[in-house]
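Just below is one structure, and these are the notes that go with it.
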Amino acid sequence: MTENDKRPSMVIGYWMSDRKSQKLNWIEFGKVCRQHGYELVKLDLDKPLENQGPFAVILHKLTEIIARNDEKAIQIIDRIERYIKDHPKVLIIDPLDSVRTLLDRYKTYNVVLNTTLNNIDVFTPTFVEILSTNVKDNIKKLKNAGVTFPFICKPFVAQGTTYCHQMSVIFNERGVADCKPPCVAQSFINHNAILYKLYVVGDHYQMVERPSLKNFYASNDDRDTITFDSHSVSKSDSSSELSVLDPSERAKRSSIDPIKLHSIVKTLGSYLNMSLYGVDVVVENDTNRHAIIDINAYPGYDGFPDFFGKLIDCVKSRRAQSVCSKAYFEDSGFDTSDSSDEKKSRAKLNSINQYN
Ligand SMILES: O=P(O)(O)O[C@@H]1[C@@H](OP(=O)(O)O)[C@H](OP(=O)(O)O)[C@H](O)[C@H](OP(=O)(O)O)[C@H]1OP(=O)(O)O
Ligand SMILES: Nc1ncnc2c1ncn2[C@@H]1O[C@H](COP(=O)(O)OP(=O)(O)O)[C@@H](O)[C@H]1O
Ligand SMILES: [Mg+2]
Ligand SMILES: [Mg+2]
């Protein structure tokens, strides 16, 4: 009898950095899994997965490996993708293609733009991709896209690198030279320095409030570009001077609309095909419109009550859904291992869910 034969049938193979698992106190999740009949096994990314499984579920935060994109990282991701293709019954949380979309800020904003959220005053601020260092061309591009001063410049890659949280606020045409391509330029939305973080775990979500950037105005147009690392502004313990409102503005308070938050989660989950993600929302002063400014794969979940309970809930419900949908589509003659059929089946499933 080999080591693998002794295992219960339901193994969750997981991977995340040691730093992330320590922060989440991941050992505790192993205990929760056992109570629900699952065994939690860390994937050895340097070895074939065939010898480590069989896995019922693969749960991961591979953002830093996908973003690394070097030869070794590509080999690791290839190995995982091959395993998933060869074992179509394995549930992956979350699909690598969906995570790739979120690693690209430009693609992510385009997804939001194409949802129905606009109908309920939820929007993504006007944005454009900046790929060149030609200042004249970039000024033209910004104008054509309708991006207004001040705007914020964000690196293309959204997660998993050391530079991906280095941003700048640009106030005038002179500052356009400070754009560091490839990046996304996005109109700045004044929001009284309050950020709402929506943490999503499957069908559960939680909102936490965080500090954010203070209001900036176009009339400050002689200002130099401000550069900052977002992690020094919007963490729960951040106290950046960039978050300090002018005294005259302190009394204003935007109000977040719980119905809008609910719609954001319901809508984005299916458009993104993600279960573990976070959405950063700011509420525009005066209009109260809700702006989605960032979406993160597998965020920190700091302040999420009973995270492990909700995570195992999510694993179980996603497994039940995937078993049902595979059985349904196999009965209908779909080849569920074919990704184009999978897309069709997902679209069909979404439309069925709308009526349930
Ligand atoms: O650990 P935290 O709490 O700072 O979590 C980070 C997230 O912060 P948040 O929970 O949204 O405040 C953070 O979200 P933001 O982009 O800062 O909004 C990222 O998701 C970050 O992932 P990565 O390291 O860039 O791949 C997350 O980092 P990881 O810990 O997942 O690496
Ligand atoms: N369009 C925007 N308008 C106003 N503030 C913004 C905008 N986009 C980002 N910010 C501010 O910059 C911070 C970092 O931006 P975000 O897109 O969330 O990047 P990151 O992935 O590094 O968290 C946010 O927490 C918020 O304070
Ligand atoms: Mg953010
Ligand atoms: Mg982010």
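A Cβ is built for glycine as well, from the same backbone N, Cα and C atoms used for every other residue.
Bear in mind that TrEMBL entries carry predicted annotations, made automatically and left uncurated.
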Site co-member for 1D-myo-inositol 1,3,4-trisphosphate according to TrEMBL, given LYS20, HIS165, LYS197, ASN296, GLY300, out of LYS61, LYS260, LYS266:
LYS61
Suppose we draw a 10 Å sphere around the Cβ of LYS20 (1D-myo-inositol 1,3,4-trisphosphate binding site). How many other Cβ atoms does it contain, all chains included?
15
Collapsed DSSP category at LYS20 (1D-myo-inositol 1,3,4-trisphosphate binding site)
helix
Mapped DSSP class for LYS61 (1D-myo-inositol 1,3,4-trisphosphate binding site), helix or strand or coil:
coil
Any same-chain residues 6+ apart from ASP294 (Mg(2+) 1 binding site) with CB under 8 Å of its CB? Would you list them in sequence order, or say none?
ARG105, ALA158, VAL279, ASP280
So if I take the binding-site residues (HIS165, LYS197, GLY300) and measure from each Cβ to the nearest atom of ligand 2, which come out below 6 Å?
HIS165
